[in-house]
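Questions regarding the structure given below will be posed in turn.
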């Protein structure tokens, strides 16, 4: 099927904390919706059957609970009511944004997924009801090619979004399409947690996911395209991921991903949005990774000298590292219960420092979640203290096998190359209670090769 995602440079409110009236809010959102409309037309012209827009793309961000209120549409969060906002615009008040989105889908005969802020009144009797008597949700909506509202999803894992409420229960939301079967949806920070993202995919045996996001890139392990690809690979699904485009805030990185191929956009230099349209296969069977090529423990050579252990902060976590020196070698580094192993070979030695790092613990900055990571990274300079820094360019081509005795089945294989481009491992999978990835010769210089494990039970 043909899918489209749009990385949108949103028109932002100059002062999101200011209180404005509904009319002014609609004017600002209208400017973003005008751009959406052009993109829907362009995508439909290229044969797209579904288009996905990013999180916060219509209203922006950094609001307070009261300042976002005029930007919120009313949406009935019951799946029993069949409603076409374009044709039945008179049914509810404060649904102008939903009406426009619905009409775009209807006019262009395309499935459309977008993110907006919504409100729902609640009863004092409801123990979860906020003091002001209403819920405010960060919401994804999906419309079919007739403009029907077919699914609404309320973001569960809010990322310091004080304007919004967490829904009382996680939403598991899927909608059906004639061209690719069932799609699931979740938003941005949700991708790092078990609920509802992982549970949704497992319960519904999903093969397609739509994913609006407003993601601030964090190298070396959590760049948007890097993690989106790893998620598609780990769960053997297609992901349609739309990010917003604000390079000054570190926000870019969208794509259409299959488990073996990706069509991505990552651009920190220029401004303006970007439409990606790609034809991808509907996944019906599981891609089985070839597990024949197994990591060898290597003969225990009498190493004259083991490379030194050192510690450095990476992504706010205290990693234990060992330097990757010389043209080839076998390394091991451990922390807590996790040991990481690397066999590597470089045809040409470059003047770049690489290191193998391990972290097994609770990550506590900008969210709390338990990580088990084995990571081969390029350091920022030649001193140990630069390992873990954000690096975007590299020249070294390294053949490697990387493996670790991970305690969780949820491993995201990261493979990021120079200029924030992606590559795929030759082999990956489980062998003797170890997860491994191997690669002969990346397509360009290696930035990060990592096993990013999420141990959800220990969050």
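Cβ atoms are placed via backbone N, Cα and C, with glycine included.
Just lifted these from TrEMBL, have a look:
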type	residues	note
DOMAIN	15-282	domain 'CN hydrolase'
ACT_SITE	55	active site, proton acceptor
ACT_SITE	155	active site, proton donor
ACT_SITE	188	active site, nucleophile
To what whole number does the mean pLDDT across the domain 'CN hydrolase' (15-282) round?
97
Under 8 Å between C-beta atoms and at least six apart in sequence, can you list the same-chain neighbours of residue 155 (active site, proton donor), or say none if there are none?
55, 137, 138, 139, 140, 161, 164, 186, 187, 188, 189, 190
Neighbour count, 10 Å Cβ-Cβ cut-off, for the residue listed as 'active site, nucleophile': what number do you get?
25
